[in-house]
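Heads up: the structure comes next, in structure tokens.
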């Protein structure tokens with residue numbers, strides 16, 4: 001078999017194939033539900049209901065989507081430049097750590113504390129990714145593995161702090177930090193509804209990233225470096241510097257996920273702050289084809305699956321990991337579908 | 001030639017890619033003990049034909065017969081097994097393995113044990129002697145010169161008992177002397193009863209080595225003649241449909257030196273030759289032609305002029321000033337217009353639109369951007385200008401450049417470079433792979449730029465092109481630069497000797 | 001000197017071999033993939049699934065060796081998925097690899113929950129037992145240190161030998177190395193790059209899964225979530241550290257295991273008690289990064305690693 005480019009893919013191809021990928025994912029999820037002895041239709045129904053069937057459910061999905069938008073943006077920005085940042089998890093925790101440090105140690109009044117926490121978080125996240133990127137640019141060390149390994153180092157570092165200097169004395173021995181004061185928390189968007197301004201910030205970030213990508217020279221440089229670094233270098237684009245700028249942006253965005261989770265939702269830092277938001281961000285970004293606004297949509301989709309599956313598994317005997325499998329399957333089917341919108345398979 | 005036994009017969013080979021018909025009803029026969037030259041410009045369908053023969057593509061229709069047996073279509077390996085060996089233009093060797101390992105690759109059952117190196121080495125050494133192909137069996141391929149690598153390719157075919165040998169542009173990477181050695185090898189092979197297809201676009205070689213010539217154009221066989229009953233002009237006419245008319249521009253009026261290299265050296269990079277004490281002066285209103293076998297330092301010189309590398313030692317002067325910091329951006333700012341050797345890999349970004357590609361070198365400055373914000377309206381207008389002025393055939397400025405033909409892509413790159421009003425122009429293989437129309441157009445643009453006062457550095461492997469266009473000529477060999485020769489002062493044979501490294505002060 | 005005491009204890013060296021074993025299997029698996037030109041980031045997830053599959057097979061009543069086979073087959077299956085997407089379709093090896101890791105990990109967890117819905121702590125199986133090699137295990141010190149391991153550890157070392165022999169001494173190894181260096185060389189000699197690469201990824205993935213299974217079937221005796229804990233990523237670093245050569249990669253794995261065994265023992269010394277245990281746990285990851293940095297400019301990367309091959313295009 002051989003792949004042949006499709007000169008002008010029709011609408012049926014560009015929309016039909018991705019739709020088919022989602023359909024295939026639904027089939028896989030149904031099969032998994034049947035394996036668990038459940039009725040697939042009922043299971044899927046429960047997932048949808050749990051994700052969007054009530055105001056509470058929908059808000060829960062929005063809340064879950066918030067960190068995923070941030071990490072999804074972080075990955076989308078980096079992958080555009082072919083900078084393989086698999087370390088959004090570490091950058092998220094770095095952001096969360098700075099948020100807690102500023103929020104609990106400085107005694108700043110709320111209106112000052114919130115921007116201070118956000119800025120410190122962004123700086124910390126950017127700094128965490130700077131190391132691997134400098135190693136890549138200067139020494140040619142593959143950033144996939146270094147960013148991955150940093151995730152483990154960061155988690156151990158946080159664990160060390162939570163059992164040491166940052167340990168909440170009132171925490172009954174649990175490794176968690178003190179909570180930041182009420183007035184330093186992100187306010188609700190609408191009074192009485194459990195949705196905080198982190199979500200708003202995520203939407204704003206998506207728009208900002210989109211504007212950067214299409215309207216600024218930096219966005220142009222990032223795309224050029226990602227698509228053809230040799231041509232970019234020839235044209236005078238400083239490839240290394242663009243990589244570093246991309247890293248700062250990406251790391252900062254991932255850190256905002258940590259900031260928003262701590263300041264908007266949890267209030268304190270624990271080791272289970274993120275159930276893998278950094279890794280899921282990769283799926284979110286890929287499903288969105290790395291488009292910043294698409295990230296919002298795909299984050300909502302992925303968050304819906306997770307929230308829906310949580311709720312479903314309480315009612316039916318299907319483990320929540322059906323969500324993880326579905327998301328991974330969707331990713332693999334989707335990258336294949338996207339390829340096939342541009343290429344057709346021919347014999348010989 | 002005795003009995004004209006047909007060893008390979010192609011009949012009615014047709015292959016379409018979408019709308020393009022790469023091979024259109026091609027048919028010919030190869031006889032035992034003959035050298036058949038397959039001639040055609042780039043894009044004439046030679047490569048597609050070979051890919052069909054070797055089963056990498058399946059033909060839409062047509063048959064291939066080897067020694068009277070039909071070859072199953074789309075089965076890589078069938079041609080090999082039937083005794084056809086191919087020496088590709090881009091060598092198919094694994095650099096991390098030895099010569100012997102490369103030769104042994106695929107010759108034994110995949111799941112067998114052991115390699116039988118001892119017997120194989122003896123056989124390879126025997127073949128080396130018989131055919132005059134000196135190369136050490138245990139050398140790592142990546143340490144070999146280009147000429148040696150080609151010998152390994154030929155040995156690979158001979159080791160497999162190939163009775164038919166196909167060579168694709170075999171001399172493109174060889175010095176004239178190495179080419180002669182290759183022709184000797186081919187003679188020995190023919191004497192032993194092998195049959196040879198020699199693919200080329202160099203007329204003088206074809207007339208020197210072949211018994212018969214078949215000319216391909218636009219995927220069809222347009223002519224077949226016995227070599228001794230024709231001459232170069234007739235063949236050239238068949239190739240392009242009309243006699244190739246190289247331009248004969250009057251000599252330019254040389255002005256002041258705009259860029260000067262004094263004793264510049266650069267280190268070799270991997271397999272690539274560096275510069276060795278190169279002194280060169282590019283003058284306003286003059287085309288300086290650079291001849292040489294590819295891989296002799298032209299790449300390093302082009303990179304230096306375009307700003308990708310800086311001198312390791314020696315001095316680079318632009319407009320009379322010594323350059324301290326040299327980068328692509330500095331080169332652009334100094335008025336260097338660049339047409340890179342590889343328009344796909346270096347000159348453009350495939351998935352960018354024409355607009356985005358048009359501002360690739362100028363995006364960071366007004367009018368295309370201000371304070372970090374792109375002005376896409378201006379950029380699009382610029383792209384439209386180039387499209388119109390340089391006759392770039394495309395669906396529009398928002399089309400992705402990957403959809404364009406090589407000629408149109410090159411015109412956009414040319415327009416991008418020339419519209420910036422360059423004082424110095426680097427044109428590295430500017431017409432390679434272009435059809436005759438685009439080729440003439442690009443050459444005319446370069447001459448016009450020269451007449452407008454630009455200093456042009458023209459790098460080409462095509463000696464005829466260099467001799468026709470250049471006001472002065474330099475030859476490169478192993479990173480060294482010959483003295484300047486005025487147009488017409490040296491015959492091709494004399495230039496060929498310089499290309500082979502004769503005449504240099506430090507000739508070793 | 002505490003470090004000295006540790007280094008002269010036979011149990012320390014025995015531990016080094018034990019810790020190295022899963023890394024050796026998985027590193028050899030990754031090495032095969034990369035030598036053929038495919039970066040397999042599915043390694044972490046495939047190890048998780050292998051750990052689960054081997055253990056589950058034994059728990060379900062299969063013997064230990066059939067359990068290892070089940071693990072291998074499950075890894076090869078995920079390898080097939082990876083290779084299908086990355087080889088003929090030429091999709092991004094980064095994205096597909098991470099996708100396979102997510103898929104394999106969550107599949108293992110899902111299957112675990114399905115099989116044992118009510119269980120709070122995972123059941124134990126009877127794992128591989130240490131196998132004293134006659135005569136050799138009676139050698140003082142060395143015997144205890146090196147020759148009282150489980151059969152899987154001996155197999156790990158044998159795997160290195162086999163991989164090296166195949167790579168350098170057989171037609172298959174020749175084709176594999178060429179596929180990762182210049183696939184058109186393979187195609188020109190009438191062999192299928194697609195078949196060789198897919199085969200390499202499947203076999204390599206199977207070996208990764210056996211590496212995972214070592215954890216549940218030899219090192220511990222049950223399956224825990226997160227028990228692989230980044231070992232897969234470390235193995236990718238080890239392949240680079242070993243410059244894509246089996247022998248050097250083995251050396252890297254042993255060195256690495258040595259540090260790991262040392263840090264575990266250092267935690268129990270008076271000095272170690274003053275240092276947070278997390279610092280010791282960071283050691284393997286930090287070491288991996290250092291190894292990558294050290295080798296960054298020296299190693300000869302297979303030239304066609306991560307470059308998809310499209311037939312007829314050159």
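Any Cβ shown, glycine's included, is placed from N, Cα and C.
Record note: among A:1-18, A:91-108, A:91-108 is the stretch given as transmembrane segment by TrEMBL.
Per TrEMBL, the listed range annotated as transmembrane segment is A:62-79 (candidates: A:44-61, A:62-79). As annotated in TrEMBL, transmembrane segment covers the listed stretch A:20-42 rather than the other ranges in A:20-42, A:227-249. Of the ranges A:20-42, A:195-214, A:279-309, A:321-340, the one with the most Cβ pairs under 8 Å to the transmembrane segment (A:62-79) is A:279-309. Only sequence-distant pairs (6 or more apart) were considered; of these, at least three Cβ pairs between the transmembrane segment (A:321-340) and the transmembrane segment (A:20-42) are under 8 A, so the stretches are in contact. By number of Cβ pairs under 8 Å, the transmembrane segment (A:195-214) is matched best by A:279-309 from the list A:20-42, A:91-108, A:114-135, A:144-162, A:279-309. Within its own chain, the transmembrane segment (A:20-42) has Cβ neighbours under 8 Å at 316-319, 322, 325-326, 329-330, 333-334, 336-337, counting only residues six or more beyond its boundaries. Among the stretches A:91-108, A:114-135, A:279-309, the one making the largest number of Cβ pairs under 8 Å with the transmembrane segment (A:144-162) is A:114-135.
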